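> Mind having a look at this structure? Questions to follow.
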Amino acid sequence: MAAALTNQLHALVNNMFATGLLDEQFQQLQMLQDSSAPDFVSEVVTLFCDDGERIIGELARQLDQPNVDFDRVDSFAHQLKGSSASVGAQQVKNTCIQFREFCQQRSRDGCLKTLDLVRTEFYDLRNKFQVMLQLEKQIQACYPKH
Amino acid sequence: MDAATAFPYGLRVLVVDDDPTWLKILEKMLRKCSYEVTTCGLARVALDILRERKNKFDIVISDVNMPDMDGFKLLEHIGLEMDLPVIMMSIDGETSRVMKGVQHGACDYLLKPVRMKELRNIWQHVYRKKMHEVKEIEGHDSCDDLQILRNGFEGLDDKSLFMRSDSDTMRKRKDFVNAVNQIGFDKVGPKKILDLMNVPGLTRENVASHLQKYRLYLSRLQKQNEERILGAARQDFSHKGTSENLNLRSSFQEQPSNIPNGYPHASQNIQTQANMQDSQLEDTKSTVPLPLPDKKEVYMEGDGRDFSDVKPSLMDCIKSTSLALTCTVDSISVQLSDSGTTSADGDLKFSSVDGLSSIKNCCFDQINSQGPLRPSQEPSIIGCTELASLPDDQPGYPYPLQGVSFDNIPLSSFDFSHYNDATMILSGLQNNWYDDDLEFSSETMDYPLIDGRLFA
């Protein structure tokens with residue numbers, strides 16, 4: 001059972017790397033996990049997912065204004081960029097870079113389109129993260145603590 | 001200290017970042033480097049932490065983009081108030097940003113995602129700073145007042161002193177003071193002290209350095225006492241025409257009749273408008289005849305030790321250093337006036353906060369809330385660092401008195417008896433210089449208490 005789950009987990013993570021969803025920063029996180037912080041990756045990932053959702057909400061709110069404050073939008077996009085870089089969420093990070101360009105151009109359309117894209121990518125990533133964490137929990141459950 | 005616990009083990013890092021994910025990751029990375037980490041999500045909170053717990057951090061790492069305060073501004077504050085090395089971080093690596101960081105005084109600028117090896121190396125900035133300080137202290141000439149003051153401002157984080165054993169240093173200091181006493185303060189010179197001390201390996205430069213600091217320390221204390229007396233006695237003093245000066249003038253003019261028993265009043269004014277007054281008085285000291293009889297009274301506290309022969313040399317000391325004081329000011333006045341912290345209320349948090357950090361914070365705010373600083377106002381700020389610049393390796397402080405802790409405090413303006421921590425720190429300082437059984441020490445120990453008695 002554990003072996004099958006482990007295989008599943010590895011396949012998932014490898015796929016995320018291969019498709020450019022994740023970059024080597026995620027590997028750095030994995031390496032930071034140790035006996036003193038056995039849930040490190042899961043905690044960081046959870047933080048990212050919560051914070052990312054918050055920022056996307058802010059972006060949507062800002063772009064919903066009759067007069068869009070592009071500097072504020074840019075600031076939030078910058079936040080999301082930083083946040084995604086922290087967990088190695090490469091795809092989301094790159095979309096944020098695009099986002100900021102549209103902010104510089106003061107293009108509401110461009111920003112809205114990019115918001116849609118980043119939202120989709122973010123939720124896709126979040127789902128995969130959730131599966132990943134779930135699998136890890138299940139694997140750990142296969143090795144009950146004494 | 002074995003290799004496992006040697007520097008930079010336990011380096012005390014403060015990390016400031018509004019991104020919770022980064023904060024967690026950086027914390028873990030730094031812990032893995034065996035550093036002691038404190039995290040903070042808000043720049044303002046970080047400043048509070050640093051002010052409350054000055055001397056408890058070796059280095060600060062901060063993100064550039066934060067919602068409540070610009071990272072560069074935080075950088076400036078830290079540089080001015082705490083003089084800690086600050087590393088900036090950002091996901092944005094544009095040259096202009098990096099340059100801005102350097103211009104604002106960052107000792108490094110890291111690009112996110114930050115790697116372990118980069119964090120492992122941050123100790124070099126702490127070490128480099130200490131090296132600079134040690135070099136400056138050891139390299140100066142005894143007659144070079146300017147240099148002394150610069151050292152004082154950098155802070156006496158004397159790594160070599162720190163590394164020596166406490167008892168060894170204490171003994172040397174005791175020998176030093178004994179030698180000075182024996183020779184007579186006004187006749188003292190480095191060569192004579194060196195001969196008397198007879199400590200192998202001690203150079204004339206070491207002694208000269210120490211002597212100068214000692215002189216400045218004493219002159220500083222004496223000056224402060226004089227000013228307090230003068231402040232009460234004077235009705236009129238020259239002003240530079242700025243609003244803060246007018247404030248002071250009017251406050252003095254309001255109570256001409258209070259002069260004879262004007263001490264309590266004057267002290268109140270001194271306390272509430274601490275920096276301004278003292279600096280004004282500093283500026284005019286050369287025109288004011290110093291009331292010698294009063295001083296004699298003040299200093300002759302229950303001891304036969306004769307200070308009268310001390311005074312002339314101290315006067316000389318004061319005069320010679322006053323020019324130096326004004327000179328070093330310029331670079332700092334620019335910084336301070338640019339720093340832009342303004343506290344709308346001259347709210348003195350003395351009662352609610354313990355420790356010098358808040359007092360200093362308060363003063364700092366006061367300075368800035370009263371408009372741009374003038375060179376004449378600086379001396380009191382600089383002067384305080386001379387006190388701070390005394391060698392200080394009390395057991396309690398791992399990196400003793402990083403110098404800046406006293407930077408913004410015009411010590412003369414405070415009734416020390418009110419502030420336990422202040423008194424403790426100051427008397428702690430003095431303790432480093434003297435043992436209790438030395439006559440000299442008991443008098444100098446009295447300085448803060450004298451103030452308290454005069455203006456209770």
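Including glycine, each Cβ sits where the backbone N, Cα and C put it.
As listed in TrEMBL for this protein:
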DOMAIN    B:12-127  domain 'Response regulatory'
MOD_RES   B:D63  4-aspartylphosphate
REGION    B:274-299  region 'Disordered'
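Looking at the shown structure, can you explain where the listed features end up?
Restricting the average to the domain 'Response regulatory' (B:12-127) gives a pLDDT of 93.
In the three-state DSSP assignment, the secondary structure recorded for B:D63 (4-aspartylphosphate) is strand.
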> Far apart in sequence but close in space: which same-chain residues, 6 or more away, have a Cβ under 8 Å from B:D63 (4-aspartylphosphate)?
B:V16, B:D17, B:D18, B:D19, B:W22, B:G71, B:M88, B:M89, B:S90
> How does the domain 'Response regulatory' (B:12-127) divide up by DSSP, counting helix, then strand, then coil residues?
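The counts are 54 helix, 24 strand, 38 coil.
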